[in-house]
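Report on one structure; see the data block that follows.
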Amino acid sequence: QNELKFSMGPENKTAVTEFILEGFSGLDQRLQLFLSLVFLLIYLTTVMGNATIIFLVCVDHRLQTPMYFFISNLAFLEIWFTSSTSIKLFVILGSGRRTISLSSCFAQSYFYFALGCTELVLLVVMSFDRYVAICQPLRYGAIMKPQLCIYLVVAAWVTGFTLLSYRLVLLYKLTFCGSNKIHHFFCDNSPLFKLSCSDTSLLWKIDSVFLSFVILGSLCLTLAFYICILFCILHLPAASGKEKAFTTCSSHLTTLAIAYGSCIALYTCPSEDVSLDTNRIVALLNTVLYPFLNPFIYSLRNKTVILALNEAIAHATVQL
């Protein structure tokens, strides 16, 4: 049994100092253990898959281009994004230890949203890269210089972590003095806000407007680049050129569909009436399944990556 931890706050109010994550508490214990093994296998595959992409980009000269530089950064981000929630999920399902301290809960929430925001900015950068490659092919090398690529990636990380710093400030201003049971498997905003005994109406509005701005703003920029790309492809003279252009963008388009689909479902219209069951299911897809699929999307649909992987495996086999 998890112990509830409280402390006496000002005016003799009982303040919560620890939360209990009850996202899967209703499941049978054997089923929880089975799910923990399944999620652990998915997590390890995710880490190894994304780490493989990073390794291949570092060692294979054919992959040392702006496009693969951005893909490797996305792979690095996905490792941390899934780790921000998955590790605690294994502990919850495997050992039954559902408690999380107030500061750890706030930190988890911050890193989850900061990494998510960074990813959306990085997807915009990748869309810009595809736009230049297809619509300005003769100027691609002159525009997408290594220095610019580094600046764009750094800007994505700084933007994500700086913009989302407001969440920590807002969270630490909340007071929790009632129930400490979060009906989720991580500290997402909706179930966390519902536990606060402070007035969260302003917080709901700020969070809703800000997250909608980040998600829809980045989506509009991405769509703008791809509309330009579509017009460029339609004006290509040869069918082979069109096919090559579509192939170049297919992996990125698949990633965009999954990323924005889950984000829009979860955060563009957050309200106090959002179903926690729906929130949990979509969040599980967003934090576990999406990072798991990314390496396969970029490797199985890309001949250059497959060739580099086969050569790396062959080289390792010879060394053994």
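Our numbering is plain: 1 for the first residue shown, then up by one each step along the chain.
Cβ coordinates come from backbone N, Cα and C, glycine included.
The transmembrane segment annotation in TrEMBL covers 33-56, 68-90, 110-128, 148-166, 209-233, 245-268, 280-300. Look at TrEMBL and you will find 49-298 tagged as domain 'G-protein coupled receptors family 1 profile'.
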Ranked first among 110-128, 148-166, 245-268, 280-300 for CB pairs under 8 angstroms with the transmembrane segment (33-56):
280-300
Recorded stretch that, among 68-90, 245-268, 280-300, has the most CB pairs under 8 Å to the transmembrane segment (110-128):
68-90
Same chain, outside the transmembrane segment (280-300) by at least 6, Cβ under 8 Å from its Cβ: which residues?
23, 39, 42-43, 45-46, 49-50, 52-53, 71, 74-75, 78-79, 81-82, 84-86, 89, 112, 183-186, 188, 251, 254-255, 258-259, 262-263, 265-266, 306, 309
Other than its close neighbours in sequence, what residues sit by the transmembrane segment (68-90), given a CB gap under 8 Å and a spacing of at least six beyond its ends?
21, 23, 36, 39-40, 43, 46-47, 49-51, 53-54, 57-58, 100, 108, 111-112, 115-116, 118-119, 122-123, 125-126, 129, 149, 152-153, 156, 185-186, 255, 283, 287-288, 291-292, 294-295, 298
Averaged pLDDT score, the domain 'G-protein coupled receptors family 1 profile' (49-298):
86
